[in-house]
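**Student:** Structure in structure tokens, see below.
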Amino acid sequence: FKGGDTCEYLLSSGRFLGEKVWQPHSCMMHKYKNSEAKNCLIDKHVVFIGDSRIRQLFHSFIKLINPQVKEEGIKHGNIPFEDKSASIKVDFLWYPEVNGSMRQRIKSWTEGSVAKPHIIVVGAATWSIKIHNGSNEALAQYKINITSIAPLLEKLAISSDVYWVLQDPVYEDMLSESRKMITNEKIDAYNEAAVRILNSSSRNSKAKVKVFSVSKLIAQETIMKSADGLHLPESSRDTNAMILMNLYCNKIMKPIDGSCCQPQPPLTLIQKIAFCFFTLSIVGYLIISLIHRNNYRKNKSCTDLESGVEKKSAISIPNVSTLEMLLHCFCKLGLIMTYFYLCDRANLFMKENKFYTHSSFFIPIAYILVLGVFYTENTKETKVLNREQTDEWKGWMQLVILIYHISGASTFLPVYMHIRVLVAAYLFQTGYGHFSYFWVKGDFGVYRVCQVLFRLNFLVVVLCIVMDRPYQFYYFVPLVTVWFMIIYATLAVWPQIIQKKANGNCLWHFGLLLKLICLLTCIYFLSYSQGAFEKIFSFWPLSKCFELNGNIYEWWFRWKLDRYVVFHGMLFAFIYLALQKRQMISEGKGDPLFSNRVSNVLLFISIVSFLTYSIWASSCKNKTECNELHPSVSVVQILAFILIRNIPGYVRSVYSSFFAWFGKISLELFICQYHIWLAADTKGVLVLIPGYPVFNVLVSTFIFVCVAHEISQITNDLAQIVVPKDNSTLLKRLLCIAGFFSGLHFFSAMQDQSRH
């Protein structure tokens, strides 16, 4: 660990991912849009001083502000640029040699009344080599001139950002005859002189001239594509301009996916309280454990003084109290949350940008498919969508989604569209599972609702506190929570229609269908009325839960994207349970679901439908248009998969225990990946072991899966304590939870005031 200054890494080291994507060592580089660049540089003055290579960098830099600007201006002269809307001035000053003229210009900015530029980018050497035919005398004069300029640059560096751009290597075979004296050996000598002289007299770290040496590394990889052997290709200079933008703007704009040059965020009040709480839990648990252990040792064996015979105490195992169990859970959770914080908030571990290749996505998919097939076992029951099968379904979907996220496959539209179906399938299971429970069991009690809400939301609430993120940031949990409440409300409101009641009178089935039609109508209305949707979720306290970046558009977009699939899951459950009740399907071990003829026809239709959807998704050209169709057509592939998986009896009778194991912790895996597998809130990849990408993924994945499994156990243990079955005790716990959230809201309001 070399410290938290990732600016140094951004300036001096990195590598290419593929041909065009630059990856700085240890940190992530944000790709600035022109609107972001304008916001960062508002009322700023930027100056580029140097030769034609610096002029190239100048043009790439101003294109980040205004992509429409053309490379115009006097070839060997000054070029001004101004964006009046944001009051940004960027000037290129033609000084191809480090000489008295350049010194005079720099000196003018150090004098009192003259306004200093906010950013100064300087660099020159190739003209000195060319004009003086690469003589040693020219190099000696270059050293003298830099020595005279260095104190001035260091003086400017106190209040401005000053960068000295080292000379890029040349491609000697392509150089024209007039430039043949510009060799890489000479360039290295000039660069060495600049690095040695700059900052040699500066003791103040704030007054340092930043040496921009990363351009050399980029040029070494790309100079062969140069048009003349001297000037960099456009993609390389654009990368250099983006690095400059990250160097200056990351600490101002604080982009999530721009960890380079970003200071560690200060601890919030709520984070400090959480830290104290977990520390006290750990201390409390250790004290209680020591007391119990001592008591256990004292009572383990006692000697009968009269007979001298050792008797065993009645107490052989120490009783675990509710308090001890609670503290034990919070103790483990505190250690886990410390790891979360260190991974994604402290500048301790490295982070890198994602880079998609087909092999990085499809090869891991093939690995897990082989493992899944290898661990095949017989199911305990052979019903459609039995528990083992749904766990298996969740498991393989979750693993595919994890690989999709870490590989950055969202940039490849066919993969994106198929992953959207997997997310929809999760919501389909939400509709199917909760509808089936309420329809069959008829249990609308508060205990059931609280248990589900606690299990869904516990981890996310803790992460909101520890990682200082809004609830809506973990969008999937709010989504399944709201849909659970919608399913509950649909079935619980008068008249409560359950299977037992409907079996006595068929008219109740029509009553339930009317409820479902009303639900579908409401969904349809809200999906095409953004205003009505926003009004519902803009009321306090809902607005506190569903706002992201000051508005609820993101929540509306996420809800709208899979708006019908939960309804489809409910409808499928209703039809399936009705067919099952009337014994119209056969669910015996090894038996096809329907008669052979019907089964074969349905199986053929399902396979054709499945492949047709995949072909359509793979031919998608526009993400927006495909997203518009997705809510209506995603159910086709979901239903096709269910029928393919369940119609043949031999397929329905087996499941993959490998996938099912992951399916049991799928929610924890989905949430934990945000911070301890991926990095920068899913925008990058966590690097625990730099330099060994495959080994790094293996180690971070092992820790990540273990943590997710442990959190799942902690959640289950706490659910039994926090949500008891006794109604009077449950009411008291609910009042405590209401008090907790009131306190959280109070401290959150205090935080917001202090920030403003």
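Backbone N, Cα and C define each Cβ position, glycine as well.
A TrEMBL annotation is a machine prediction, not a hand-curated record.
So TrEMBL lists these for the protein:
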- 22-72: domain 'NXPE C-terminal' (DOMAIN)
- 253-734: domain 'Cas1p 10 TM acyl transferase' (DOMAIN)
- 269-291: transmembrane segment (TRANSMEM)
- 325-343: transmembrane segment (TRANSMEM)
- 355-375: transmembrane segment (TRANSMEM)
- 396-417: transmembrane segment (TRANSMEM)
- 452-468: transmembrane segment (TRANSMEM)
- 474-494: transmembrane segment (TRANSMEM)
- 506-526: transmembrane segment (TRANSMEM)
- 561-579: transmembrane segment (TRANSMEM)
- 600-617: transmembrane segment (TRANSMEM)
- 659-677: transmembrane segment (TRANSMEM)
- 689-709: transmembrane segment (TRANSMEM)
- 730-750: transmembrane segment (TRANSMEM)
**Student:** Go through the chain and flag residues at least 6 beyond the ends of the transmembrane segment (506-526) whose CB is under 8 A from any CB in it; none is fine as an answer.
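**Tutor:** Tertiary neighbours of the transmembrane segment (506-526) are 486, 490-491, 495, 497, 532-533, 536, 563-564, 567, 570-571, 574, 578.
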**Student:** Which stretch from 269-291, 396-417, 452-468, 600-617, 659-677 shares the most C-beta pairs under 8 Å with the transmembrane segment (325-343)?
**Tutor:** 269-291
**Student:** Taking helix as H, G and I and strand as E and B in DSSP, count the residues of the domain 'NXPE C-terminal' (22-72) in helix, strand and coil.
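**Tutor:** Helix, strand, coil within the domain 'NXPE C-terminal' (22-72): 22 helix, 9 strand, 20 coil.
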**Student:** I'd like to know if the transmembrane segment (659-677) touches the transmembrane segment (689-709) in this structure, counting it as a touch only when three or more C-beta pairs sit under 8 Å and are separated by 6 or more positions.
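**Tutor:** Contact between the transmembrane segment (689-709) and the transmembrane segment (659-677): present.
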**Student:** Averaged over the domain 'Cas1p 10 TM acyl transferase' (253-734), what pLDDT does the predicted model reach?
**Tutor:** 92
**Student:** Output the single range from 269-291, 355-375, 452-468, 474-494, 561-579 maximising the number of Cβ pairs under 8 Å to the transmembrane segment (396-417).
**Tutor:** 355-375
**Student:** Should anything in the same chain at least six residues away from the transmembrane segment (269-291) have a Cβ under 8 Å from its Cβ atoms, list it; otherwise answer none.
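**Tutor:** For the transmembrane segment (269-291), the sequence-distant neighbours (Cβ-Cβ under 8 Å, at least 6 residues beyond its ends) are 321, 323-324, 327-328, 330-331, 333-335, 337-338, 465-466, 468, 744, 747-748, 750-751, 754.
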**Student:** What residues elsewhere in the chain lie close to the transmembrane segment (452-468), defined as a C-beta under 8 angstroms and at least 6 residues from its ends?
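**Tutor:** Here the qualifying positions are 265, 268, 270-271, 274, 333, 337, 340-341, 344-345, 434, 474, 477, 480-481, 484, 667-668, 671-672, 674-675, 711, 715-716, 718-719, 722-723, 744.
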**Student:** Under an 8 Å Cβ to Cβ limit, what residues of the same chain, 6 or more beyond the ends of the transmembrane segment (659-677), are close to it?
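**Tutor:** Answer is 339-340, 343-344, 372, 375, 388, 390-399, 401-402, 405-406, 426, 455-456, 459-460, 463, 467, 474, 476-477, 686, 700-701, 703-705, 707-709, 711-712, 715.
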